[in-house]
Structures are given as structure tokens and as C-alpha cells.
Amino acid sequence: MRIRIDSKVSGDFDALVVGIFSDDINLPELLDDKTKELVNKFRELGSAAKPLDSDNSIYPEGGPANRLLVIGAGKKTDFKLSFARNLAGTAARQLRKKGAKKIAFALPFGELDAAAVAQVYAEGIVLSTFDPGTYRTGEGKEEKILEDVVFLSDQKVIKDALERGVVFGEAANFSRSLAHEPGNNMYPELLAEEARKMAETYGLEFDALDKKRLEEGGFKAILAVGQGSAHEPRMIVLKYKGAGENEPYFGLVGKGITFDSGGISIKPADGMGDMKMDMSGGAWVIGAMRILAQLKPKINVLGIVPAAENMPSSNAYRPGDVIGSLEGKTIEVINTDAEGRIVLADGLTYARQLGATKLVDLATLTGAMVIALGYAAPGIFGTNDEFSRKFLDTTEKAGEKAWQLPLFPEYSEQIKSSIADIMNTGGRAGGSCTAAAFLKEFTGDLPWIHIDIAGIAYTEGEKPYLAKGSSGYIIRSLVDFVLAHA
Ligand code: BES
Ligand code: MN
Ligand code: ZN
């Protein structure tokens with residue numbers, strides 16, 4: 001998708017969207033007099049006074065577009081990037097549902113940096129167009145793709161920022177589409193194939209270690225998790241080289257469980273199907289690598305996705321098993337449903353072996369994360385305060401949220417095993433923290449952040465700006481964080 005800028009709406013537009021603050025009578029730039037008059041009429045009637053109020057539209061005769069939609073941008077003094085993203089997304093998504101294909105936007109910037117706002121506007125518009133109904137046939141299947149999107153502006157910085165936003169939005173939608181695929185159509189081999197195609201298109205180095213190479217290389221942890229499935233595991237590797245050959249790598253590692261049944265410690269039937277999205281962390285990493293390949297920063301980045309399917313079978317790993325790992329540490333398996341940390345153990349180790357000196361991992365790791373922070377934000381854990389603080393700063397500047405949780409030594413105590421180096425669970429208490437403490441064992445002493453996206457990878461209900469299902473949330477921050485190290 002492209003978002004053009006133009007100084008006026010010309011041609012046959014289905015809709016013009018105008019965003020207005022409730023506490024500021026100034027309107028977005030470049031509007032024609034007729035539109036201004038109509039928008040002011042809406043304002044006098046008290047319409048669009050509430051944030052995201054998008055119930056105000058008319059068909060003005062002789063107007064610049066067939067429909068004028070006035071949307072509430074809330075108070076100018078409260079205006080934030082996260083809200084701006086949702087504002088543009090809401091307008092685009094509501095209009096698209098009504099069949100609009102050509103939409104013009106005149107949206108305000110408040111007192112924020114105009115380029116930063118323009119970028120999130122573009123992100124919001126692109127994210128809102130994600131259609132999860134890919135498997136519908138016949139009637140439910142409508143072509144609702146936006147054909148032409150214009151932003152009213154005559155500033156080059158806005159144009160560049162919009163383009164950047166489209167890059168982020170489209171890569172996030174790509175990640176969402178991967179996460180959204182059901183387990184029968186997204187097992188490790190196919191995830192690797194999707195990563196390979198992306199790498200070829202955008203010019204990244206690609207590798208995927210199959211079962212034979214994993215065995216030869218001693219990747220005992222991921223092999224154990226994958227051994228119960230007819231679909232063999234893969235260790236997917238994407239490489240972006242923006243700096244010199246001998247420069248270190250920034251390592252991104254994403255959990256790639258293409259379906260998590262729980263294995264022998266099988267999950268209850270209710271909601272098990274949602275575990276098709278248990279490779280969201282991996283999908284986010286693949287999307288992030290795509291953005292980096294497009295933006296071409298001067299830094300080397302590794303994207304690693306340990307991909308496996310967690311299934312019960314007579315070949316499956318069992319509770320009580322003791323398994324090895326690429327790192328060498330031995331793991332006592334208490335619960336086969338705590339599989340994410342096991343595949344990540346080998347993923348993190350491999351990232352280090354390939355030259356990563358900084359690590360970030362993303363994973364739908366624990367149900368306890370959903371209990372702790374709900375659907376509002378991912379939890380982050382880290383061993384290096386400066387690195388963690390910098391990440392939180394980045395999320396704030398990107399208009400996203402994350403919340404730091406502790407890695408107290410008690411959590412490491414809780415997962416000590418009496419027969420091996422470490423247990424894969426420490427019981428229910430502090431479930432997200434003990435999971436993070438497990439991962440820490442495989443990070444060397446490198447600066448590392450673990451992001452538990454269990455609560456935010458997937459939205460149960462539809463939002464005005466986002467379809468139900470895979471969200472793509474935090475990819476923007478992840479990429480900005482890497483860029484901040486370039
Ligand atoms: N993939 C799940 C975590 C999850 C749960 C993600 C809900 C998204 C929504 C993970 O593999 C898992 O099953 N974790 C267990 C760990 C437990 C056995 C220690 C959990 O959270 O119940
Ligand atoms: Mn599990
Ligand atoms: Zn899982």
C-alpha cells in the first residue's frame with residue numbers, strides 16, 4: 001500500500017476524514033472552506049467531542065469527497081502517539097467496513113513532533129487493513145483493500161514519515177499473517193519456508209537447520225520439544241549485515257512453537273486452538289528483520305527462530321525426562337507444557353555462537369503473564385539496567401507500552417533441580433519470573449531483555465482500529481530499539 005501526500009483532495013474519493021481536538025478550534029491544514037464549515041457545524045452540535053468518536057459522517061454535495069467523516073481526536077493536551085495510531089486506524093477500519101477504497105485524511109498533530117505522528121498515522125492505517133478472514137469462501141470474502149490513500153499535507157518530512165510508517169505497518173501485518181495461520185498450515189518447515197521467501201525478497205541471508213543438522217550440532221533442547229511431532233523442528237536463522245564483516249551482531253530470538261498442545265502435560269481443550277499463535281515471537285522477529293532489511297541501518301542483526309511443534313505421542317518428551325542443551329546445561333522436564341523456554345535456550349545459545357553480543361527475545365511464554373498484566377502490555381525482564389531502561393524509553397517514543405518485572409535471585413533458586421542443572425518450571429508462584437530466570441541461564445553475561453508477549457500477541461475481541469486476533473504489538477519498539485544501537 002502507498003500513502004501519498006497531496007495539498008488538496010482531487011479525484012473521486014470515497015471519504016475525507018477530518019480529526020478534531022475537543023479543546024482546540026484550529027483545524028488540520030489545507031482543508032477547503034466548504035469542509036471547514038461542515039466540520040465546524042459538527043463541532044457546534046457537540047459531535048466528535050469524545051476520543052475516537054467516529055459516528056459523524058455526512059455526504060456533502062459538492063464536497064471534495066463523497067463522504068465526510070469527522071473523528072474525535074480527544075483533548076489536544078492529552079494527545080499521544082499511541083492514541084494517534086488508533087485514531088487513524090479507527091477511521092480507516094470503519095470506512096473500509098463500509099466499502100471505502102479511496103480515503104483522504106486530514107489529521108492533526110497536536111504539539112507532538114509532526115513526523116513522529118505521521119509515522120504512527122500510517123502504521124495505524126496499514127494495521128487496520130489486516131484481514132484475518134483469509135480462509136472464508138464466498139460471501140464473507142470481500143475485497144476491501146484500500147486502493148488510494150492520501151494525506152493532506154505539503155511537507156516532505158510528512159511524506160517520508162508516512163512511507164516509514166507503511167514499512168512498519170506492512171511488515172507487522174506480514175508477521176500477523178504468519179501468527180494467524182492455523183497449525184495445519186504453519187509447522188516448522190513451512191515457517192522456515194516463509195522466512196526464506198522473505199529473506200530472498202528483501203536481501204537477507206537465510207539458513208534453517210533441519211533435524212539432521214540439529215542432531216549433528218547438539219541442539220538437544222529444541223530436538224526434545226519437537227520429537228513428539230510428525231513435523232520436525234527447524235532452527236531458522238536470518239542475517240542482516242549493515243556493518244562490517246567482523247562487527248558484532250545484535251541478536252533477536254523469537255519463540256517459534258507453531259502449535260502448543262502442551263505435549264504429554266496436555267492443555268485443556270478450551271482455548272487450545274489459540275495456541276496456533278504460539279510462534280508469534282518468531283513471527284515478530286521475522287517481520288522485524290524485514291523492516292531492518294528495508295531501512296538498511298549500519299548494524300549487524302541476527303534473527304533466530306527456534307521452531308517446533310509441541311505434541312503428545314509415543315515419541316514425545318515426558319515429564320521427568322532429563323534433556324541436554326546446545327549450551328551444555330541439563331534440564332529436568334517437570335512439565336512438557338513449559339516448552340517455550342526450552343527451545344529458546346537453544347535459540348539464545350545459538351545466537352551467541354553466531355556472534356550476538358546483545359540479546360532480545362520475544363515469546364508467548366507464560367499464562368502467568370496474562371494474569372499479571374492482562375492484555376495491556378508485555379512484561380519485560382533484563383539483566384542489564386541500562387539496556388532495559390533504554391528499551392522502556394524506546395517503547396514510550398514509539399507509542400507502545402511495556403512493563404518491567406524483576407529477576408530476583410529467588411526465582412533462580414526456585415528452578416534448581418535435585419538431579420540436573422535446572423528444572424523447566426518452578427511451580428505456579430511467580431510463573432513469568434521463573435520462566436525468565438530459566439532463560440537467563442542461557443544468555444551468558446550478555447545484555448539481554450526477555451519480552452513476554454503472551455497477553456498482547458493476540459486480541460480476543462475486535463477493536464475499532466484492529467481486527468480480532470494477531471496484533472503485531474511491540475514490533476515497532478523492537479525495531480526502534482535495534483536502530484538505536486546502529
Ligand atoms: N504458550 C504457553 C503460554 C501462553 C498461555 C501463551 C496463554 C499465551 C496465552 C506456554 O507454552 C505455556 O504453556 N506455559 C505454561 C507454563 C507452565 C506449565 C509452567 C503456562 O503458562 O501455563
Ligand atoms: Mn506450553
Ligand atoms: Zn507455548
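A Cβ is built for glycine as well, from the same backbone N, Cα and C atoms used for every other residue.
Automatic prediction, not curation, is the source of TrEMBL annotations.
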Of D210, D278, D321, D361, which does TrEMBL put in the Mn(2+) 2 site with K255, D260, E339? D278
If you count other C-beta atoms within 10 angstroms, which of the recorded positions K255, K267, R341 is the most crowded? K255
Can you figure out which of K255, D260, K267, D278 (the recorded positions) comes closest in space to R341 (active site), comparing Cα atoms? K255
Taking the recorded Mn(2+) 1 site as D260, D337, E339, identify the other residues of that chain whose CB atom sits within 8 Å of the mean position of the site's CB atoms, giving them in sequence order. V225, I257, S261, G262, G263, S265, K267, M275, D278, N310, T336, A338, G340
Among the binding-site residues K255, D260, D278, D337, E339, which ones place their C-alpha within 10 angstroms of the C-alpha of K267 (active site)? D260, D337
Quick check for you: of the binding-site residues K255, D260, D278, which have their Cα within 10 Å of the Cα of D337 (Mn(2+) 1 binding site)? D260
Just how many other Cβ atoms lie inside 10 Å of the Cβ on D278 (Mn(2+) 2 binding site)? 28
Using DSSP, what is the helix/strand/coil residue split across the domain 'Cytosol aminopeptidase' (335-342)? 3 helix, 0 strand, 5 coil
Quick one: of the recorded positions K255, D260, K267, D278, D337, R341, flag those whose CB is under 6 Å from ligand 1, and say none if nothing qualifies. D260, D278, D337
